[in-house]
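What TrEMBL says about this protein:
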{"type": "DOMAIN", "residues": "2-204", "note": "domain 'ABC transmembrane type-1'"}
{"type": "TRANSMEM", "residues": "6-28", "note": "transmembrane segment"}
{"type": "TRANSMEM", "residues": "35-59", "note": "transmembrane segment"}
{"type": "TRANSMEM", "residues": "79-103", "note": "transmembrane segment"}
{"type": "TRANSMEM", "residues": "183-203", "note": "transmembrane segment"}
Amino acid sequence: MTLSSFWYALLITAFSLLIAYPAAYMLTRTRHKQLWLLFIILPSWINLLLKAYAFIGLFGTYGFANALLEALGIGTRQILFTDFSFIFVSVYIFIPFMILPIFNALEKMNPSLVDAAKDLGASSWTTFWRVVFPLTLSGVKSGFQAVFIPALSLFMITRLIAGNRVITLGTAIEQHFLVTQDWGMGATIAVFLIIAMALIMLLTGNRKVRV
């Protein structure tokens, strides 16, 4: 259960980062960036339960996703109640919280440092890894905290989207308190979750990076 929770939380965080960093980078170089940022934030204002039910309709047997697969000649597939649907929906829910801190870190970065690296002959890839990424690492760490920690305690999505196929620490706490009424074990898991969150925040705390 514990390893499964950390594994799924790590997957959700990794996919969120892979999508969020390029998205945030593109946002800093587009016109009307604040408007686009608002569009990204807006879905986070919608109730989580409503979003979960929307995805149930989307991924269901007669939903849009299967209708598209039928149109492509692939046929109906079991999408709902799978690891894919759980991770996909979780990434969709958490990705704004990964984009925001990375976007802020990129906005605060001095662009003359990138120009200086290019003038010194550094390639685009070297410039990114040696200059851009270290300077925005604080945003990545903040995004990691904002996604990984809540992902450890997910329980509503595990029931509605994953169909109880995924057991997280949040699901275990809910089961012990509401189903088996083993409050002692539920409290123990809750304390473990709090300690894990504190350790993650300590390990991913922002430190000054020399470039």
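Glycine residues also receive a Cβ, built from the backbone N, Cα and C atoms like all the rest.
TrEMBL annotations: computationally assigned, not manually curated.
Residues 8, 11-13, 15-17, 19-21, 23-24, 27-28, 37, 40-41, 43-44, 48, 51-52, 55-56, 59-61, 63, 65-66, 136, 138-140, 142-144, 146-147, 150-151, 154, 157-158, 161-163, 165-166 of the same chain sit 6 or more residues outside the transmembrane segment (79-103) yet have a Cβ under 8 Å from a Cβ within it.
Below 8 angstroms of C-beta separation, residues 36-37, 40, 86-87, 90-91, 94-95, 98-99, 102-103, 106-107, 139-140, 143-144, 147-148, 151-152, 166, 168 of the same chain, each at least six residues beyond the ends of the transmembrane segment (6-28), sit close to that stretch.
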